[in-house]
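Here is what Swiss-Prot says about this protein:
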| type | residues | note |
| --- | --- | --- |
| SIGNAL | 1-24 | signal peptide |
| DISULFID | Cys29-Cys107 | disulfide bond |
| DISULFID | Cys109-Cys114 | disulfide bond |
| MOD_RES | Glu118 | 4-carboxyglutamate |
| MOD_RES | Ser130 | serine amide |
Amino acid sequence: MTTSSYFLLVALGLLLYLCQSSFGTEHTCEPGASPHPQGKCRPELAEFHETMCEVEESLQGGTDDARKKRGRASLLRKRRGFLSMLKARAKRNEASPLPRAGRGIVCECCKNSCTYEEITEYCPPVTEGSG
């Protein structure tokens, strides 16, 4: 192997290492990890998630008119649906003998402090009729 080939191989390896270390910043959680001081947990997480999804929906072309007409009852139904979904998912995960990946909305936003982009990953897709 020539010196230039060796140098190119080392440079490529270093570049791959830098890309992996800078882009691999996903949150992970250990079992029993304590909540982050700026993390949002339980009802606060549900409220934050709902608010951020509504912001994301309005940014993607949804309107606030239908939401104002539906009123607070619709928000409570959405929250109850979200919480029941989380409860069902938790029960499935408890019954599963396989280890969990350690990444989810609770890991990213309660055990860690999540960004706007991270929490909106968990929002339902915006459709034309959802505005």
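Every residue number used here counts from 1 along the chain in the order it is shown.
Note that Cβ sites are derived from N, Cα and C of the backbone, with glycine treated the same way.
All features noted in Swiss-Prot, drawn onto the structure.
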{"residue": "Cys29", "record": "disulfide bond", "DSSP class": "coil"}
{"residue": "Cys107", "record": "disulfide bond", "DSSP class": "helix"}
{"residue": "Cys114", "record": "disulfide bond", "DSSP class": "coil"}
C-alpha of the residue listed as '4-carboxyglutamate' to C-alpha of Cys29 (disulfide bond): distance in Å? 15
Can you tell me how far the Cα of Cys29 (disulfide bond) sits from the Cα of Cys109 (disulfide bond), in Å? 11
Taking the Cβ of Cys107 (disulfide bond) as the centre, how many other Cβ atoms fall within a 10 Å radius? 20
Of all the disulfide-bonded residues given, Cys29, Cys109, Cys114, which has the fewest Cβ neighbours within 10 Å once its own Cβ is left out? Cys29
